[in-house]
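Marked as transmembrane segment by Swiss-Prot: 87-107, 114-134, 137-157, 171-191, 200-220, 241-261, 301-320, 325-347, 366-386, 407-429, 457-477, 583-603 (among others).
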């Protein structure tokens, strides 16, 4: 047990030396990115041992405590919770980050601040691991805020771009709204349970009030970009592609879902919270899938697919299946990171072109990238025996057998079908037909720092689901029988989406849309939500504030009440009691006229 705990803690502490090295020796050499990459690779190897020991010994939870500080009413300690969720997530996050770091060596090679970029990515990963292993709300809040501030720094990495700065501010502001809910839950639990440790909170109050649970749901809504607080996620594509890959695969966006998974014992008996969670996830996964259908930016298509999959995870929590939601987090990390890296490879080779309408024919010039992009897209749609199939098929199957409402189930099924539709559209426009980019574009796919990480994640997208599904705890009692049509539901709607998208592409790829329909505008403009929230409401607020200021301050206060009114009354009284009118100009003129006439007569 001691050896197991020591190796698990060693995994976490192994990431600290590269961070502190930059403080001790600011004059870093060019080898620092390679040092960070090798550190993460070795840490991944180390993390496999405690994970395998945990799975083989059938441990449930191991908690390590170190006393930190104490107040009159609360004792705080550094508490690490090593359970199935944390032990499974750590090696997956390290493996994905290792691949992203190696990809960054190729993608960011010309950036003058590449060392700082690698340090930021490493801190980003470290704060996420702190969040995953935290056993009290205060420690979890440190990791929560850590991933928030690091996302702000990394999204706005190219700070000379106005769009990048705007996207970074959007991310931090929307997450501030979610943090209000987190702090509200912190305060409520401290007031009513006098503890921030989940075990004690569950024992003392197994069915808490609606208020803290709503706070946790609001926090997850902001961090995992659920409907209402979602616009920051597609805007975050203004950051470098490695940032997008890490942000969407195994760090920030899954933090909100992980929070709901961690505190699921508190929410599972509250029917109102479960219903709100289910409906929020269902409408998010459908809305973002609709938005992805008409996007032309390849990174935004992948970003909206992330938001749609996050909605599916929230739906899974809403039907009381946290282990299935966690399984989808693990499988999703592999193919989502690979999709972003394939997108980055295409963008980099096409001189920063991101419009899929200006691509085409890339399966000949970028064979590995094209193959990996196709595998990742198929895994995203849940094609059989790819990584995404093992989690997505189980989620649809469980939703069919659960006591959920028909609206949420239908919405989720439609979104699943749309996932295959926009994935097919992206593949057809990007990889097939003739090239629609300048023929003199220099395309090169021979760099090993590009090929190796994509190959690793491709293998993960093929095999990881099979390996993870065999180690997940039972999610429900074994079913003796299940109707065939329920078993084939996920596959049927996926194939329906494929066929529909392929048929529409063949029918319309030669047509020009002179007058786009209202439906197209709704999807392409993201439901007009950003325009409404970022333009209409601020403009109305500023106009109202300006009118109130001018009417209340200028007209009412200055004109009608105090300064001008007092001045007017004093002038009237002065004129009444004094014969001198104070007309200095007239007096001077009356003095000058006789003087002028006298001078004229003399002359």
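Backbone N, Cα and C define each Cβ position, glycine as well.
Within the same chain, residues 220, 224-227, 230, 233-234, 236-237, 244, 248, 253-254, 256-257, 260-261, 264, 268, 274-275, 277-286, 288-289, 291-292, 295, 328-329, 332, 336, 339-340, 343, 356, 380, 392, 395, 398-399, 402, 404, 408, 412, 415-416, 418-419, 422-423, 426 sit at least 6 positions outside the transmembrane segment (301-320) and bring their C-beta atoms closer than 8 Å to a C-beta of that stretch. Residues 76, 78-79, 117, 120-121, 123-124, 126-131, 164-165, 167-169, 171-172, 175, 179, 182, 185-186, 189, 196-198, 219, 223, 236, 238-240, 243, 247, 251-252, 255, 259, 262 of the same chain sit 6 or more residues outside the transmembrane segment (137-157) yet have a Cβ under 8 Å from a Cβ within it. Using a Cβ-Cβ cut-off under 8 Å and counting only residues 6 or more beyond its ends in the same chain, the transmembrane segment (200-220) has close neighbours at 144, 177-185, 188-189, 192-193, 226, 256-257, 259-260, 263, 265-267, 269-270, 272-273, 276-277, 280, 314. Among the stretches 325-347, 407-429, 583-603, the one making the largest number of Cβ pairs under 8 Å with the transmembrane segment (87-107) is 325-347.
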